[in-house]
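Peer 1: Look at TrEMBL and you will find 101-123, 135-155, 170-194, 206-227, 247-266, 278-298, 351-372 tagged as transmembrane segment. The feature domain 'Sugar phosphate transporter' is assigned by TrEMBL to 105-370.
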Amino acid sequence: MESRVFSHATTIAHVRRPLRESHSNTSCSFISIKPIGAVGEGGNLIWGRQLRPSLLLEASSPMNARKDVLRPVMAAASSPAEGSDSSGDGKVAPIGFFDKYPALVTGFFFFMWYFLNVIFNILNKKIYNYFPYPYFVSVIHLFVGVVYCLVSWTVGLPKRAPIDSNLLKLLIPVAVCHALGHVTSNVSFAAVAVSFTHTIKALEPFFNAAASQFVLGQSIPITLWLSLLPVVLGVSMASLTELSFNWTGFISAMISNISFTYRSLYSKKAMTDMDSTNIYAYISIIALLVCIPPAILVEGPQLIKHGFNDAIAKLATNTLERVAPLTHAVGNVLKRVFVIGFSILIFGNKISTQTGIGTGIAIAGVATYSYIKAKMEEEKRRGKAA
């Protein structure tokens with residue numbers, strides 16, 4: 001190819017001059033060149049010889065530019081032909097399992113969310129049968145979470161993000177509300193049936209709406225308020241006829257709702273570029289430090305005097321007897337249904353017909369509220385996109 005180009009350098013120059021002159025005088029045409037070869041293959045046939053379009057400019061270019069002109073041709077020749085079996089860097093990577101079956105993966109995560117939440121609530125309630133100290137149980141829960149975060153930092157998954165005094169001031173209110181909500185939830189679990197606690201905690205959307213309206217000053221549509229009426233009605237019916245009802249369990253669950261509502265409000269104010277795992281780690285550490293003093297003050301003396309001996313005795317008896325077992329709003333509602341249903345089956349809690357109807361109405365109200373709110377958010381996103 002190279003010898004063919006240089007042997008006809010004069011011919012190429014001769015072809016170029018008439019083309020250049022034709023720009024100045026459009027009525028003058030010295031030569032007519034008819035492309036014969038396939039243009040898509042990168043060349044034309046002129047006087048029986050194939051030339052690359054880029055080579056037409058070579059006669060006017062310096063000799064040291066010859067490599068730059070020929071390099072794309074060599075690259076094109078060395079690249080695998082279309083449809084060939086040769087493997088190279090341009091080969092498309094195979095689609096992974098997660099990308100191929102996204103719905104299946106999402107369903108698996110929902111299943112694990114429900115399953116682990118049910119197991120947690122059942123084991124948590126059984127622990128209170130042997131160790132009725134919800135403050136210390138809350139401390140243990142948070143301690144396990146802190147250990148998990150520290151291990152994650154140690155292995156670098158993720159790398160620990162630095163924290164300054166300004167960010168610490170923003171996270172402290174979030175952590176305090178998290179600690180208070182967690183402790184009061186466990187107090188309620190220890191005092192009443194798990195199903196009743198989750199029925200009371202179904203009121204959390206009501207407190208979120210109230211806080212948004214009266215604290216943040218956001219306008220809540222009347223349709224959203226109306227969707228919360230069945231929730232209030234259902235919880236009221238369930239509370240009036242709950243066989244395990246006591247004021248400690250009821251009030252603790254209500255305080256938990258309020259605490260988690262304010263945790264959400266403070267979390268919005270503490271929005272930061274830090275990833276969620278680092279934020280969770282710092283909040284857990286602060287919440288653990290907040291929970292330890294009241295646990296020692298409230299339950300410490302009783303735990304030292306009776307707690308460990310009673311727990312060991314009950315565990316020993318139990319061992320002897322056993323010597324010879326989701327998008328986020330609607331999924332959370334279904335999670336409560338799972339927890340309530342399984343707790344009734346596992347613990348054999350007796351509920352009246354009115355309690356069952358009230359619980360069902362409350363769950364249906366939460367589902368309706370979640371659906372309306374999700375639709376409102378979807379319309380709001382579409383409005384911003386438009």
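From the backbone N, Cα and C atoms, a Cβ is placed for every residue, glycine too.
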Peer 1: What is the pLDDT of the domain 'Sugar phosphate transporter' (105-370) when averaged and given as a whole number?
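Peer 2: Result for the domain 'Sugar phosphate transporter' (105-370): average pLDDT 84.
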Peer 1: Would you say the transmembrane segment (351-372) and the transmembrane segment (247-266) are in contact under the rule of three or more C-beta pairs closer than 8 Å, pairs 6 or more apart in sequence?
Peer 2: no
Peer 1: Under 8 Å between C-beta atoms and at least six residues away from its ends: which parts of the chain pack against the transmembrane segment (170-194)?
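Peer 2: Sequence-distant neighbours of the transmembrane segment (170-194): 121-122, 124-125, 128, 132, 134-135, 137-138, 141-142, 163, 200-201, 242-246, 248-250, 252-253, 255-256, 259-260, 262-263, 266-267, 269-270, 272, 279, 282-288, 290-291, 294, 339-340, 343-344, 347, 349.
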Peer 1: Where else in the chain does the transmembrane segment (135-155) make close Cβ contacts, counting only residues six or more beyond its ends and a cut-off under 8 Å?
Peer 2: 124, 127-128, 179, 182-183, 186-187, 190, 277, 280-281, 284-285, 287-288, 291-292, 294-295, 298-299, 303
